[in-house]
Amino acid sequence: MVAFGKKLKENQIQEWQGHYINYKLMKKKVNRYAQQIEVGAQNHLYVLMDFAKLLDSQIEKIVLFLLEQQGILASRLSNLREQHDALSQQPDGLKVSEVKEAYRAVGRDLLQLLFFVEINAIGLRKILKKFDKRFGYKFTNYYVKTRANHPYSLLQQVFKHVGIGAVVGAISRNLADLQDHQGSYISIYDQPASPLTDPVIDSINAAVDRLTNSTNFLHFLGKHALIMQEELPTPSEDHAVDQRYHFMSLLLNLANTFLYMVNTYIIVPTADNYSLSLGAAATVCGVVIGAMAVAQVFSSVYFSAWSNKSYMRPLLFSSIVLLVGNVLYALAYDLDSISVLIIGRLFCGLGSARAVNRRYISDCVPLKLRMQASAGFVSASALGMACGPALACLFQTNFKIYKITFNDNTLPGWFMVLAWLVYLLWLWISFREPFHEAKENIAPLEVNAALLVNEAVENGLTQPLLLNSKAKEEDEDQECDGAEEDSNEIQKPVTSLVLAYRLLTPSVKVQLYIYFMLKYAMEVLLAGSSVITTYYFVWSTRHVAIFLACLGLTVLPVNMVVGSYISNMFEERQVLLASEIMVCIGTLLSFNAVIPYSVQQYVGSGLITFVSAEVLEGVNLSLLSRVMSSRLSRGTYNGGLLSTEAGTLARVVADGTITLAGYLGEGMVLNVTLLTSLFICVSSIIATCFTYNTLY
């Protein structure tokens, strides 16, 4: 990624050169303001008003040109309408093809206009961000709120683009009429379930989606995947990704995600019984479950680095290691060794290829399909989480074959051995290794940063969790004495986790801590369920498995409600804080205090905690991606890896807490783990509120 000023210059259409935002002028203005204030030549009020006037002027220039171009496109469509009507009287196959191609030409010009709007929107976002950082004043908040809904403001015209929607509709309707309904009395409006499939229309719709960032279930769900795309991808980059795309390989990538999550949770209902059968305490299940997460802390790093060079080889290695790990897990029963059991789970964690799964979607799935693939990744994870415990309750049997025991403790391991063996063969036969460029490709995070300004306009928000005004400028627009920076140095990927951590601003650290908190709360609930329900309610493995499966099945419906309704009704930061509070309430309700502990209390409070944590995860990752340094958007040590490590570390700490609490007695496990969870939750709420106070 290069500096935005340079990229803006490179991507300008020469004929439109004088109509783009003058980003260079505005950067010079910001530097001049800073110098004038420093020497006392100007006051802050004059600077704010003068910069607001400059922005108004730039936006007016953009909008007037946008309206002019829309008028030209409308005129061309009007002329084509006359030709189209003439064809309905005297059909001519050659003329029909010519008119269709003319409509597509209008569509391609509309794409250029959409790109014009998008690149200017990015420029507005970046200059507002630069101004806020330079002066420590939340000018973005003031500017957007005063201009977003004012009747004379032109700012909203950049993002509402009703005229563009009309042009898209006209092109789509006429192409559909020429293509599918010649000689037919059926209107396209009578067949809403059969939309037009034309490459030009698909590209236009994708561009409009990027610009509007319309919130729906698919987009909200896809955000959980932490997959980010380059700002303003060039046609050559799009073409390169199209060349790497292979549907069966994507399916295999998602299958790996699904099986890994099944492998993670299939042993949870029986982990305590398995530990008891090997002579250990039931609470050692925390170590057994957590061993996989411990190993994943390290595997995430080397798999992330490996995906710079290959996708098939790390997936093959992952499958083999997981196969070996499950064999050891299953054989531990006959070997009567708790050590072999834990080593088997460590092997399973060393086979975690989730970094590769995310990276493959980021690098090898076309932009128009990336959101669907991201949602598929999240759905595969959610289904795996639900299917794991559900499968465990089916293995209620006991028999031997050649001194090898098959029972409810070992069958989860043997089942996963078979599953990974079948997957390994399928992978070897069907996966196609995509071409790797010499440079490091973009790595996972999520959400096109170009959409930030639009969301601010739609919701009346300033940029979420803006960086502290005293923090160093890290992004591609950083300047030194007003000169253009060395973009190669600024955008060079970080080379270690320590350096990546140093790039984190206080806002990003708060977001990562929230992610740690919600993963900790979820792991305490899931991993401790078998011990707690056996102690208090004498639940069987089947009851525990059904409870965990039901929790897992809430993931997709909850995200559907939040993505389709709640996110459109409330600001994301409001949902964030409300979700944190609900996690805290769910944790408080889970304590065994005065009244006798009941199944209703445990299930109800657990459901509140789990659902609230799921909602919190979606909005937290959405906000996190927007405040992450651009240097952490690619390379091995990227923002996605940091988030994964934070979540994995939370699981390790939670599982360790369960085991340590077991030394105080099984009756203490519930309250001790909940007390720790409550402390982390309350501290995250305080950190969030403090961040709010520093921003507004």
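The chain as shown is numbered from 1 upward.
Placement of Cβ uses the backbone N, Cα and C atoms for every residue, glycine included.
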**Report entry** Correct range for transmembrane segment (source TrEMBL, candidates 44-68, 669-693)
**Finding:** 669-693
Report summary line: Across 250-268, 280-303, 377-399, 411-429, 601-624, the most C-beta pairs under 8 Å with the transmembrane segment (512-538) come from 601-624
Query raised in the report: Given pairs 6 or more apart, does the transmembrane segment (411-429) have at least three Cβ pairs under 8 Å with the transmembrane segment (544-563)?
Result: no
Query raised in the report: Does the transmembrane segment (280-303) reach the transmembrane segment (338-356), going by 3 or more CB pairs under 8 Å (6 or more apart in sequence)?
Result: yes
Query raised in the report: Which sequence positions outside the transmembrane segment (338-356), separated from its termini by at least 6 residues, show Cβ-Cβ distances below 8 Å to it?
Result: 253, 256-257, 260, 263-264, 267, 274-275, 278-280, 284, 287-289, 291-296, 298-300, 303-304, 306-307, 311, 314-315, 317-322, 324-332, 413, 444, 640-641, 644
Report summary line: Outside the transmembrane segment (315-332), at least 6 residues beyond either end, the same-chain residues with a Cβ under 8 Å of its Cβ set are 252-253, 256, 259-260, 263, 267, 274, 278, 303, 338, 340-341, 343-353, 356, 404, 410-414, 416-417, 420-421, 423-424, 427-428, 431
**Report entry** Selected stretch (most C-beta pairs under 8 A with the transmembrane segment (601-624)) from 250-268, 377-399, 575-595
**Finding:** 575-595
